[in-house]
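Asks: Feature list, courtesy of TrEMBL:
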- 2-119: domain 'Response regulatory' (DOMAIN)
- 52: 4-aspartylphosphate (MOD_RES)
- 169-302: domain 'GGDEF' (DOMAIN)
Ligand SMILES: Nc1nc2c(ncn2[C@@H]2O[C@H](COP(=O)(O)OP(=O)(O)OP(=O)(O)O)[C@@H](O)[C@H]2O)c(=O)[nH]1
């Protein structure tokens, strides 16, 4: 476990260090508040932090408040160390966000007990964070392709509508559908069809900007949304997507030709814009693209 000890008192530093070393901790030891903050702000913050109350620079309780404001996603376990163990002091430290309090001179058995509590709480927290991440992934992302699912896609398009309103830009909302996907499944088998879906998602994602929206709308249908400075930027964007898929070098044994039909609705968003309405128009354009022979883009202006 990565542990930080911040204390200007050499005896306390040495006592804490030698005891914690015995538990196999990766120790970072500092003598003042500013050095402590530098360690806390590293990419991988310490999991367990011992902060002396009175230190040059920033004191331990002030550091605790900063930690609680800034390290929210993966909060470290903070123990305030002080020779003053008055009730008011302990209450103040806990109110600032400390998890525990230990008094000087440090008693080895007491520290061992408190370390065990910290370790237990941190393990539970770790498990919760990991489970949360997994649930988030299941709730927002499509399991097969890794792109957003329909629910997350709708929320993301709403965010893009807001972005376009702020920047006075246009929004292109498109439905992309793989042509004759049933034949691909029937001819090459369902597992190969799955690979097509995965590879197509990867390629389309690579042609988009990080904040453009790509979600799996349904079986072999994908929803794409992108803010545009001018309406005519849409043509280039969707033609790039169409031709990227057409030229996709399939990583399979057999050569599989994959083409897509794309229906696009270009719209200047306002507070009254509705995602479902834009998708409906994109769907009508997609229907036209299929009717016109597939492997085509049809755009409607709104
Ligand atoms: N492999 C695989 N196939 C899927 C998945 N979801 C849907 N499909 C298949 O996608 C096919 C869609 O077929 P259709 O709706 O007839 O459309 P199409 O064959 O693409 O024809 P057009 O859209 O008219 O060009 C069906 O055979 C579905 O079983 C999936 O997750 N994996």
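Any Cβ shown, glycine's included, is placed from N, Cα and C.
Are these features on the surface or tucked inside, and what are their neighbours?
Replies: Around residue 52 (4-aspartylphosphate), the same-chain residues six or more apart in sequence whose CB sits under 8 Å from its CB are 6, 7, 8, 9, 12, 59, 60, 80, 81, 82, listed in sequence order.
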Asks: Helix, strand, coil: count each for the residues of the domain 'Response regulatory' (2-119), based on DSSP.
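Replies: Output for the domain 'Response regulatory' (2-119) reads 52 helix, 25 strand, 41 coil.
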Asks: Give the residue counts of the domain 'GGDEF' (169-302) per reduced DSSP state, in the order helix, strand, coil.
Replies: 57 helix, 36 strand, 41 coil
